[in-house]
Amino acid sequence: MSIEVVDESSFAQGRGVDTVEVSHLARYVLDEMRVHPLAELSVLMVDVEAMARLHVQWMDEPGPTDVMSFPMDQLRPGREGRTSEPGLLGDVVVCPQVAAEQAKASGHATADEVLLLVAHGILHLLGYDHAEPDEEREMFTLQRRLVLGFLARIGRPGDPTPTVGHRALPAGD
């Protein structure tokens, strides 16, 4: 599985984005979702200005957003006993500065918010969406389960509540 994580942001609160941890989370999510071992994923961290440009260009919405996903081969999750087809999963672009604002509003660490956003972006690449309330509940519950599973696996405490667009899903869901 090819996972490339690049931090082009100037986010420097503390040590910046832990690209190794992000890479490990991405691998965990792809494994849990039974994505083919030969699939390729790119994760890019960008500044507010770059994210704002992408947001206008692709969504025709002003200002930066937290995460954007750019699917390539329309891969879907695998099933029990079967992985997805191999191919290019696509790109996930995260803005750590927006993540920091959302983390503060939600009461958890920026690093946890970045992990949530990367998981969220990967789920979008796999065909998940949150346009309807039922889709949102399914996607946010899955994203939270994946991040909590990853944090448990690496032995790091945390209980981040998913946020997207500055809206939080209650932690009990």
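Here the Cβ of each residue, glycine as well, is placed from N, Cα and C on the backbone.
So that you can see what the record holds, here are the features copied from Swiss-Prot:
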type    : residues               : note
BINDING : His120, His124, His130 : Zn(2+) binding site
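Of all the binding-site residues listed (His120, His130), His130 has the fewest other CB atoms within 10 A of its CB.
Sequence-distant contacts (6 or more apart, same chain, Cβ under 8 Å) of His124 (Zn(2+) binding site) comprise Ser69, Pro71, Val92.
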